[in-house]
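Step one of this worksheet: look at the structure below.
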Amino acid sequence: SEDCGFGSWTGSFLCRVCMFSPYTPRVQLRLAGDKRKHNEGRVEVFYNGEWGTVCDDDFTLHSAQVVCRELGYVEAVSWSPSSKYGRGQGPIWFDNLHCTGREKTLSLCPSNGIGISDCKHSEDVGVVCSDKRIPGFKFVNTLPNHNLDIQVEDVRIRPILSSYRKRIPVTEGYVEVKDGGKWKQICNTEWSVFNSRVICGMFGFPGEKKYNARVYKMFARRRKPSYWDFSVNCTGNEAHLSSCKLGQDTSLKSNSTCAEGLPVVVSCVPGRAFALTPMVGFRKAFRQEQALVRLRGGAIVGEGRVEVLKNGEWGTICDDNWNLLSATVVCRELGFGTAKEALSGGRLGQGMGPVHMNEVECSGFEKSITECYFNKEALGCSHEEDAAIRCNVPAMGFQERLRLNGGRNPYEGRVEVLVERNGSLVWGTICSEGWGTMEAMVVCRQLGLGFANNAFQETWYWPGEVSADTVVMSGVRCSGTEMSLSHCLHHGAHLSCPRGGGRNAAGVSCSETAPDLVLNPQVVEQTTYMEDRPMFMLQCAYEENCLASTSNQVPANSYRRLLRFSSQIHNNGQSDFRPKASRHSWVWHDCHRHYHSMEVFTHYDLFSLNGTKVAEGHKASFCLEDSECDEGIEKRYECANFGDQGITVGCWDTYRHDIDCQWVDITDIKPGDYIFRININPNYEVPESDYTNNVMKCRCRYDGHRVWIKATNPETETLNFLPGQHANHYATVLPG
């Protein structure tokens, strides 16, 4: 026999015993511990009536491959040493494993021998397996007298009643498990409401409800069910059925019929966004409480950075101790199912403001994450540790009704929609008139391809037969938050596409990441001042339309009154912010001696309290660069020497108060109270992961000599000036 890598006769003997002896230990595996996904965790081994762990000494991806395949997953993604998923208990069954990756079970890998180890539980190994299950994988219960983890090929809710068969999403029906390629029902004699809670959560529903059992009893009499061999025992907090315990179902007779019961039925309650018939009247009749939790920065529905409202200010959650249990509380609170993944390290972008919660611990049955315990004394968490989630959402079938065609890769192409024409389903194109970033955002979300990167109004250069007759959708207008393109406004059956739909069919390119620009309101507050400046010093600004329209009627020695301030714009996203136009189309401005890479970047507007615009300023086009960066991040973009333009992730571009056009011309306004608004990327020319944080509003009071300014929350706008009181920051007039 060949040597198995130990370099000694003893090692070879151990290998031969392990691989060829009839005494190969029969073991069972499971993934346990502090998990962020159901298909990851501490590797635990059941042997000799006791659960134990595996030491990380000599453990490799080959060993992880054996573990994952033994558990029914296609492959291993990674493995982690040093008890990443927490320290286990009991014996350490395997140490110094030397797997090739081809073994059928972990006990066939060469090792020190089962139970022989010099490790501590601080060295317990963990693995991350792929989401995909092995087709046809069948769990073999080699240890029938003990509770084990479920390992099944697939689970589904199959609608039985005719009233539920055509409903989307599927909310009620038999719970069926795929076993050896065949779908089987579960006997309901040992079924609990906690089991139903887990099933509903898996399929994207926050809760379960009662159903009409009498109807299902009649149905079961007519058709003989085929039962699964195992009973399910969940605590109600599992993120997936595979995390529940199973045992031999004692209620099943030898012929696999359910002695005193029926097939398990669940009836789930969808969240408000997925409800079949929204109760509009009910919503209007009762005042909706303001949400305490929201998701930001996610590409699709049900994912994003977790933000919590506390004392009127939105903040984030630190990822210390962040796990699937806490993530699931957030998912259910927001009307989704259980969490698929608890993300750490600012994976879906970094937030702004305070970190409200740290070291969160939930029981799993809280109505809101704000009810969970957290360490109020824990300090030192930065936004690099912002927690995020990915939730299970109901299968709405949106993805099957849209496709991209003709592109160079799966992330781009001409948008094609599946519609009914003359009684049959056909694929057609979309008229691109008015097609923009918001519409492209919805397409990318619907297809699960992330964020929009570009919205194309001409796609003639992509292959494929396209003519004006193929247009099936026109006049599409989206807000950007819709789950499906069909939810956007459009012309319906009466199409209108004067420019034709062939060469001008709508197209998109998508990206897994996007930038996210956020304005710092404190910098605006702290740098605001007024300046009276003579017209002869404003020639460059005049050329770029940065003054009020009345400025063209005044002599050169007259003065303009300017409300000036600095703006600091930070890129909190996951990719760099780049100008919409490519470099060859940037415009050189000789007066200011730099290229303008975008026509519109920022609007500065002053409104009366009734919403009438009384003054405006803008960055009609700009020099975009990294002024400063967070610690450890290098600047990439600089305008000097005709350099490249953009804002790197983790950097900010500062427009100082003393540069041209960084102002609002208030020469013509009267003293009074106003609202000052700054809007970044106002025309959505460049795709971002979150547009809700692009607007900053301030309350302004101008008495003819001084200005007081205070930033407000644009979502609440609760700040008011009281008689005799002023905001924190004010500015007097400075001469030019």
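Glycine too: its Cβ is placed from the backbone N, Cα and C atoms.
Here's what TrEMBL has on this protein:
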DISULFID  Cys55-Cys119  disulfide bond
DISULFID  Cys68-Cys129  disulfide bond
DISULFID  Cys99-Cys109  disulfide bond
DISULFID  Cys234-Cys244  disulfide bond
DISULFID  Cys362-Cys372  disulfide bond
DISULFID  Cys478-Cys488  disulfide bond
DOMAIN    29-130  domain 'SRCR'
DOMAIN    157-269  domain 'SRCR'
DOMAIN    293-392  domain 'SRCR'
DOMAIN    402-511  domain 'SRCR'
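Between Cys478 (disulfide bond) and Cys55 (disulfide bond), the C-alpha separation comes to 54 Å. Taking H, G and I as helix, E and B as strand and the rest as coil, DSSP gives the domain 'SRCR' (402-511) the counts 16 helix, 40 strand, 54 coil. In the structure as shown, the Cβ atom of Cys372 (disulfide bond) sits within 10 Å of 18 other Cβ atoms. Around Cys119 (disulfide bond), the same-chain residues at least 6 positions away in sequence with a Cβ under 8 Å from its Cβ are Cys55, Asp56, Asp57, Ile92, Asp95. Distances between the Cα of Cys109 (disulfide bond) and those of the disulfide-bonded residues Cys68, Cys129, Cys234, Cys362, Cys372 are shortest for Cys68. Counting residues of the domain 'SRCR' (29-130) by DSSP class, helix then strand then coil, yields 16 helix, 32 strand, 54 coil.
On a Cα basis, Cys234 (disulfide bond) lies 22 Å away from Cys129 (disulfide bond). Cys488 (disulfide bond) and Cys234 (disulfide bond) have their C-alpha atoms 40 Å apart, to the nearest angstrom. In terms of C-alpha distance, the listed disulfide-bonded residues Cys99, Cys234, Cys372 place Cys99 closest to Cys68 (disulfide bond).
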